[in-house]
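Q: A single structure is presented below for examination.
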Amino acid sequence: MTALKNDRFLRALLKQPVDVTPVWMMRQAGRYLPEYRATRAKAGDFMSLCMNPELACEVTLQPLDRYPQLDAAILFSDILTIPDAMGQGLYFETGEGPRFRKVVSSLADIEALPVPDPEQDLGYVMDAVRTIRRELNGRVPLIGFSGSPWTLATYMVEGGSSKDFRKSKAMLYDNPKAMHALLDKLAQSVTSYLNGQIRAGAQAVQIFDSWGGSLSAAAYQEFSLVYMRKIVDGLIREHDGRRVPVILFTKGGGLWLESMAEVGAEALGLDWTCDIGSARARVGERVALQGNMDPSVLYANPAAIRAEVARILAAYGKGTGHVFNLGHGITPEVDPAHAGAFFEAVHELSAQYHG
């Protein structure tokens, strides 16, 4: 494989020295970019875009072509590819987000679910990873990703997005045996899926536990964290002669960082409700930290964006082990110039904290 020209993202995750704080952005290939909207229109719809390796590659690279400051690319895909490959029948309803034609509601439903083979059942994702790695040609590392078992389970049990997770939590408390069976099958599926991405060329992976923060502290430990630990334990950790770092991101998980730091991931993602300085004091000896600017800051003027970047950099302090990111994904209404101001500010203002 081609040598990396810019490896500061991987170095920061491994707590090795860097010249400036690396930066990337969740949903950096997305609807705020006019070029993304044009490619999506060409594809026809969101899933057609995900399932076309050439177009998925095109949108993955668009933010890198626009913003030379970006230190990583992230695979363009969706967390719900796994349940779709399990036969749940994913589709997107305008204005309502993702929906499933089949809903999981019993142990019998769960026992009937297959564990997808990454190359046979999710080959379009593996092909996209290979295509992106080839086209990147060592420019920056490529991040692969998956949803966490708990997060995927909520969609499968609810039949789509949910505000209160009523059905998922009812199963969790009323029929924990069924929920554990589903989570165990999903942990196997995610492990296999991420290992497929790593073999295809992903140089780091992130587990998105988007709905872990909806759980009580006890339920988080039993129904989310334990399954993410199983995944981390089963991942390929060395590939192409390099360590493959793992980032664990539980939105709303700021109270549980100490437990998360024990799972074996190299880094924890933080949402914007955490103070990154306090997080570093709590777990910074054990893990790198990624985050954690409020995505809404990008609606503000460039001077305000710069001030918030400066505040977060100062809160983290000197030294490596910080990957700058938003605390969640960029929203579609953001002016692309404001994203550019954000990336520029991170590199310009962080140099003083290194070296």
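Along the chain as shown, the residues are counted starting at 1.
Using the three backbone atoms N, Cα and C, a Cβ is placed for every residue, glycine included.
Annotations per Swiss-Prot:
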{"type": "BINDING", "residues": "ARG27, GLN28, ALA29, GLY30, ARG31, ASP78, TYR155, SER210, HIS328", "note": "substrate binding site"}
{"type": "SITE", "residues": "ASP78", "note": "site 'Transition state stabilizer'"}
Q: Between the Cα atoms of ALA29 (substrate binding site) and ASP78 (site 'Transition state stabilizer'), find the distance and write it as a whole number of Å.
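A: That comes out at 12 Å between the alpha carbons.
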Q: Does TYR155 (substrate binding site) have same-chain partners at least 6 apart in sequence with Cβ under 8 Å from its own Cβ, and which are they?
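A: When sequence neighbours closer than 6 are ignored, TYR155 (substrate binding site) has LEU80, PRO83, PRO98, PHE100, SER161 within Cβ distance under 8 Å.
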Q: Hey, of the recorded positions listed (ARG31, ASP78, HIS328), which one tops the CB count within 10 A?
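A: Per the Cβ count, the most surrounded site is HIS328.
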Q: In sequence order, which residues at least six apart in the same chain have a CB under 8 Å from the CB of ARG27 (substrate binding site)?
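A: Those within reach of ARG27 (substrate binding site), by Cβ under 8 Å and sequence separation of 6 or more, are GLY329, ILE330.
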Q: When DSSP is mapped onto helix/strand/coil, what comes out for TYR155 (substrate binding site)?
A: helix
